[in-house]
Amino acid sequence: MLPVRETGLGSRAGGAGRSRGPATGSEPDAEHRLREDATVVVPGAEAPEVGWRTRVRLVVDAEGRAGVHRYRSSDVITDLRCPQPVSGAMDGIADRAWTPGAELVIAVDADGLRHIVEVAPPAAPPRRGGDRRATAARRAAAHARRAERVVSGSGRAVQYVAGRRWEVSATGFWQPHRDAAQRYSDVVAEWADLAPGATAWDLYCGAGVFAARLAEQTGPGGSVLGVESARSAVADGAAALRDLPAVDLRSDRVERWIAAQDRAPEVVVLDPPRAGAGKQVITPLTAAAPARIVHIGCDPAAFARDVGLYREAGYRVRELRAFDAFPATHHVECLALFERA
């Protein structure tokens, strides 16, 4: 069971140890305000601090050894003894040579099958140059799609949430904690509380785990619109949710997608990347005036900054739950329910 703790950001939450300080000078005030608003009403059971991680990404050094980068360094630590991965995830990884410069993705799915995918080294960037064309070429090289080689398993991980089955890319995003997707989606469903026929948005929707829970509430007469930049995740979600006529998942930039919408939602759910949603998303989102917003964040400083943006737009924190989703680390996953003040 994934525990939930009563906490303000910056405090210790369960097994979450050191809390990172704010990243910018504008965030301490937002973090302080969040402490004042934070309320958590649901206690959770204790969760083990070992054997919880189902996905691991490793780098390969120049000698073909798999490992992890030392904190804030390009050095590779090849000692793979770690209590976080589920049993069997790391078996045999240190015993073989891999492609130097590659990455390894290890995913153990809900059926217990281990998938190992080697992601090819990135293409060599163009020579340095100061002109705009050279800068664009380097940026394109850094984000170019890299070849993948399935070493073990199928490369397609099976996951279950709320009785529904997903088959997703082993190299794509899925919550690393074995219980996280279920627990978060339960909270989203509780807080969304949509009426049949309602409209909801699922921003940064991934494979549509939250969209599925929202569609359960709206029924076929409602509308659940999701947007995600990763096309492969949208394709996986569309396949998993093809029996839900209310769901429509699209691949696009979130801020551009919001600008194109002509129907206001009753509820918005968003689970942005670690950097948070920021003003470019929260400003048009709140302009649509949804009655409730469910925001999920894994970085306390970015989360606190976004809370400040919601407050400036006339929303208040109705409830906050902080999950110890990364036991024995300083990371905390925060879920907040906002309502118009």
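Placement of Cβ uses the backbone N, Cα and C atoms for every residue, glycine included.
S-adenosyl-L-methionine binds TYR204, GLU228, ASP271 as TrEMBL records it, and from the list GLN175, GLN182, GLN217 the residue named for this site is GLN175. DSSP classifies GLU228 (S-adenosyl-L-methionine binding site) as strand under the three-state reduction.
For the recorded S-adenosyl-L-methionine site, residues GLN175, TYR204, GLU228, ASP271 set the reference point as the centre of their Cβ atoms, and the other residues of that chain within 8 Å of it by Cβ are PHE173, CYS205, GLY206, VAL209, PHE210, PRO272, ILE296.
Every protein chain shown contributes to the tally, and the Cβ of ASP271 (S-adenosyl-L-methionine binding site) ends up with 24 other Cβ atoms within 10 Å.
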